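Annotated features, as they stand in TrEMBL:
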{"type": "ACT_SITE", "residues": "ASP294", "note": "active site, proton donor/acceptor"}
{"type": "BINDING", "residues": "GLU143, HIS211, HIS232", "note": "Zn(2+) binding site"}
{"type": "BINDING", "residues": "ALA154, ASN235, ALA236, ARG243, HIS272, LEU328, SER329, GLY330", "note": "substrate binding site"}
{"type": "DOMAIN", "residues": "62-401", "note": "domain 'Amidohydrolase-related'"}
Amino acid sequence: MPSNKSVSDAPITQFINCRILRDNELQREDLWVREGRILDPEKLFFDEQGYADKRVDCEGSIIAPGFIDVQINGGYGIDFSQASEDVSDGVSFVAKKILEHGVTSFCPTLVTSPPEVYHKVLPQVKVHDGGPHGAGVLGFHLEGPFISAEKKGAHPEKYLRTFKSGGLEHLMEVYGSLDDVAIVTLAPELPGSQSVVRELSQRGITVSLGHSAADLSQAEEAVQQGASFITHLFNAMLPFHHRDPGIVGLLTSDGIPAGRAVYYGMIADGIHTNPAALRIAHRAHPSGLVLVTDAITAMGLPPGRHTLGQQVIEIQGLHAYVAGTKTLSGSIATMDMCVRHFKQASGCSVQEALEAASLHPAQLLGISPKKGKLDYGSDADLVLLDEGLHVKATYISGEEVWRKGQ
């Protein structure tokens with residue numbers, strides 16, 4: 001029966017035989033979508049006397065909001081930190097491939113690079129919605145170069161920067177522009193960093209603390225200035241110490257301003273973080289945990305040597321090292337793998353595992369409930385999963401963009 005046309009001519013899709021992740025519960029009910037958004041069925045039935053034009057039998061699947069990856073350096077042979085003429089093609093290629101992992105939006109991430117790389121790469125990629133062409137781009141995540149030499153991890157030391165007296169002015173010289181930038185990771189102990197944190201936050205850019213030897217008071221000061229994220233918790237920061245827990249202490253700090261939340265990224269690939277550390281973080285601050293892949297060029301590629309920014313990376317099994325060392329350099333995990341590993345390692349509920357890849361990153365970026373939720377009016381970015389949390393299909397704006405076996 002055709003839908004009622006009093007409100008819109010657009011077709012209505014009804015997802016049946018599913019469990020929807022809503023309000024931290026898996027609810028057995030149908031999901032209704034029109035014009036890329038989730039509909040309130042009561043309004044549809046009673047106000048419009050509307051009906052579905054198309055039904056999708058989900059065969060008992062879980063429907064969760066599409067996954068959001070706020071830290072991904074590349075994949076499938078593409079390195080976002082390589083200044084080529086066709087960076088946007090590379091980003092588009094990865095955007096298409098990660099649909100099969102349930103990712104519907106992401107932040108292409110650039111590691112520490114010389115200024116000419118930022119000047120070449122940043123203008124080539126704009127924030128845009130996802131669709132059949134691939135996952136949507138929410139803006140760049142610039143990880144470095146304003147980080148600690150002591151905690152540089154796989155970042156090349158020769159390109160690291162400190163803030164000169166200009167602060168934000170110096171940052172702008174290095175990056176060239178902050179258009180289409182969503183997140184900046186910096187070390188809050190660098191002289192002049194606190195004013196930069198404040199100014200970036202005022203511009204609506206998420207400031208993340210990472211690759212840093214900051215103590216807890218320096219980290220708290222940065223949060224008071226507007227920082228709201230921690231880049232890959234436990235990795236490339238001072239280890240937790242009972243007298244000064246460092247950045248890790250933000251998870252239970254009483255120095256966070258009222259009404260403000262601190263989120264933290266976790267690479268739940270079974271390599272970057274011991275399961276016991278993952279459990280400690282989750283139990284200390286469950287609502288702040290954001291799963292990130294931190295995936296590099298070699299995600300989806302065979303073992304061997306690949307590039308990440310200005311470095312050569314060696315893949316051995318599931319480990320990615322700076323070539324010739326045992327320094328970990330990003331991961332080759334996919335987001336759906338991280339969701340499954342996080343659930344298994346932490347003992348958390350299915351709902352918590354899915355929200356760590358959807359709701360929490362959306363809240364971090366200030367784009368919830370448009371993204372990261374299945375509320376009425378939210379974008380119909382969906383991932384259909386089986387009981388084992390393997391992806392069966394991915395939808396963006398209510399349109400199927402990937403299905404297993406097709």
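Going from the start of the chain as shown, residues are counted 1 onward.
For all residues, glycine too, the Cβ spot is worked out from N, Cα and C.
Per-residue pLDDT, averaged over the domain 'Amidohydrolase-related' (62-401), rounds to 95. Annotation for the binding-site residues HIS211, ARG243: lowest Cβ count within 10 Å of the residue's own Cβ, ARG243.
ALA236 (substrate binding site) has a Cβ environment of 25 other Cβ atoms inside 10 Å. On the backbone, the CA of ALA154 (substrate binding site) and the CA of HIS211 (Zn(2+) binding site) stand 10 Å apart. When Cα-Cα distances from ALA236 (substrate binding site) are compared across the recorded positions GLU143, HIS211, ASP294, the shortest belongs to HIS211. Here ASN235 (substrate binding site) is compared against the recorded positions GLU143, HIS211, ASP294, and the shortest C-alpha distance is to HIS211. HIS232 (Zn(2+) binding site) sits 8 Å from ASP294 (active site, proton donor/acceptor), taking the C-alpha atoms as the reference points. Note on the binding-site residues ASN235, SER329: the fewest other CB atoms within 10 A surround the CB of ASN235.
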